[in-house]
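According to Swiss-Prot, the protein carries these features:
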BINDING   C109, H112, C180  Zn(2+) binding site
Amino acid sequence: MSKISLDALNVRNALIEKGIETPMIDPTQAKNERRESIAKHMHEVMKLIGLDLRDDSLEETPNRLAKMFIDEIFSGMDYANFPKMTKIKNQMKVSEMVQVNDITLTSTCEHHFVTIDGKVCVAYYPKDWVIGLSKINRIVSFFAQRPQVQERLTEQLLTAFQTILETDDVAVYVKATHFCVKARGIRDTNSYTVTSAYGGVFLEDRDTRKEFLATVQK
C-alpha cells in the first residue's frame with residue numbers, strides 16, 4: 001500500500017479494531033501491472049460471455065474496465081487516496097449541530113458488482129475540532145469507492161468521522177437503491193434501503209436523534 005496520511009492511518013486502524021474494515025489485501029503489484037492483468041482477464045470474461053472483441057466498440061472495453069476499477073470506482077481501497085484533512089480548532093466554540101444532507105452516494109455492491117445509488121446525511125456536534133464541509137462529502141465518496149454493503153458503509157462513515165473529529169457525537173443516515181435488486185433478481189424498481197448509525201448524544205438522547213431524523217426524512 002502507498003504511503004498514507006496520519007488521519008488515514010488512524011481511521012483505518014479504528015475500522016480494523018471495530019471489525020468493520022472492508023475485507024481486502026495489500027496488493028503486491030504496481031498499479032500498471034494490476035491494470036494489465038485485469039484487462040487480460042476481462043478480455044477472457046467477455047469472450048466467455050460471447051462478445052466479439054474485434055468490434056471497434058468492444059475492443060478497448062477490457063482496458064477501460066481495468067482503469068475504471070483501479071483509478072475510479074475502487075480507488076477507495078487505497079488509503080493513499082484518503083482526502084487530505086485540515087482540521088480547524090473550534091475557537092468560536094460552535095456547539096450547535098453541524099449537518100450536511102443529501103450527499104451523493106454512488107458505490108458498488110460487493111455481491112454482484114452493480115451500482116448502489118443514494119444519499120447520505122451526516123451530522124455532528126463539534127468539540128475541539130471542525131472540518132470544512134466539503135471534507136464530509138469527500139470522506140463519503142472515499143468509502144463509497146470500494147466494493148460495499150450498505151450496513152458496513154454506514155458504520156465505516158460513523159467511525160471515520162468520530163476518529164477525525166475526535167468526538168463520539170456523530171450521526172450517519174444512508175438511503176439507497178441497490179441495482180442488484182433493481183436490475184436483476186426480483187427487479188424491484190421502487191424499493192430502497194435505509195441504514196443509520198449513531199454515537200454519543202445521538203445514541204443516548206432521543207430528542208437529539210429525532211431532531212436529526214426530522215430533517216433527513218423530509
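Glycine too: its Cβ is placed from the backbone N, Cα and C atoms.
Given the structure is predicted, the values throughout are model-derived calculations rather than measurements.
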For C180 (Zn(2+) binding site), the number of neighbouring Cβ atoms whose distance to its own Cβ is within 10 Å equals 17
For the recorded Zn(2+) site formed by C109, H112, C180, name the remaining residues of the chain with Cβ within 8 Å of the site's Cβ center, in chain order.
T108, E110, H111, F113, V114, I116, H178, F179, V181, R184
What three-state secondary structure does DSSP assign to C180 (Zn(2+) binding site)?
helix
